[in-house]
Structure formats: structure tokens, C-alpha cells
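Only one structure is covered here, and it is reproduced in the block below.
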Amino acid sequence: MSNRGMLIVLSGPSGVGKGTVRQAMLEDEFRDFHYSVSMTTRKPRPGEQDGVDYYFVSKEEFEQEIANDGMLEYAQYVDNYYGTPMKYVNQTLESGRDVLLEIEVQGAMQVREKCPDGVFIFLTPPDLLELRNRIQKRGTDDQATIDKRMQKAADEIRMMENYDYAVVNDEIPNAVQRIEKIIESEHLRVPRVIDQYKKMIGE
């Protein structure tokens, strides 16, 4: 019954399957999700579209957004900024659609400060051995890099206490179903619907 959409933040260690779970959620017909497109100062790659893959802006424009407190979260990688613009998220939420952010733990903590009423879900592997296996199967990292990723994963798992829910990604369909149940329940929380019922009784 809530008119305003809900902000859903999904994060977890590298290799846990955040992107795969996010894509499965968007393909499902459970709810009308909107995946928040990030903003970046890097140049578009062949085939990328502005407003679809990223919002491509200049460094000056991005830094102006930061100065105006217009970013939900941001970080700088290899001389380029990446982040989540607040205005697009707010516009979508006001339209009544849920917004899904798939971001790293550091970014999620920035979002938590600005949007404490969001739903923060931490995606976990069944165990660290399985996480290591998934990273190794990618075939993109050497052993030293994998070890660093595993150490970072342990640090990120320690941050789980800052989230509302922990969901094990053992199988993609199972993880998606668990997240959908969380979202369904969150939409029924009294603080999200109380205004609707007050209007019903004329208050």
C-alpha cells in the first residue's frame, strides 16, 4: 500500500555472486524493480549508452555533485569517479518503484548514513572455501590477488553487523527467493504503510 518505493541495497564480498543475483531479480516478475545506474567520469566504452550503462559526466560535473551533497555514495578508482547519484534514486522512489543498488560494502555504509530506512542485504557465500573456488573459476586473478580478495572478504563479512539481513547464495534461485521474501515483508512494515491507513480513517 505504500506509495513511495523502497531502497534495497545488496552487497557482499567479491565473488559472492552479487551481479548474477541482481540480474536474476531484475528478470523476475516479482516486483517492478529499477536498477540504479551509476555515474562515472570515465569515457564510454564501445557499445555503452549514456543513461543505460552509466551516466557519463565530466570530472567537474561529478565534483560539483559531491559538493552539492548529490551523491548517495562514491569512490575514485584509477583517476575516475564512480558513484550513485541521489536525484535519480529519489525520483524513482517517489514514482513508487523500488530501487535496487548493487554496491560494495564501503559504499553501502555511505548509503546507510543518508538512507537509514533502506533495506540492507548482505549476500554471503556458503563458506570461504566455496568463495575461493568461485574466484578461482573466474580465471582472471593470480594467487596473490586471490589471497588479497579473500582477506578483504573476511574484513567485509565482519561488517555484516551493519546490515539488516544476511542471505546465503548457495544457489541463485534460492538466494533470489530469500531476498524476495525479505522485500515482501519489508513492504508490510507498519512504518511504511501507516500513513495510508491514517488517510483511510481521515487523520
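Heads up, the Cβ atoms here are built off N, Cα and C, so glycines get one too.
Not measured: the values here are computed from a predicted model.
Noted in Swiss-Prot for the protein shown:
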| type | residues | note |
| --- | --- | --- |
| DOMAIN | 5-184 | domain 'Guanylate kinase-like' |
| BINDING | Gly12, Pro13, Ser14, Gly15, Val16, Gly17, Lys18, Gly19 | ATP binding site |
Close in space, distant in sequence - Gly19 (ATP binding site), Cβ under 8 Å, 6 or more apart: Glu102
Number of other Cβ atoms within 10 Å of the Cβ of Pro13 (ATP binding site) across all protein chains: 26
Extra residues within 8 Å (Cβ to Cβ centroid of Gly12, Pro13, Ser14, Gly15, Val16, Gly17, Lys18, Gly19), ATP: Leu123, Pro125, Asn169
Three-state secondary structure, which DSSP defines for Pro13 (ATP binding site): coil
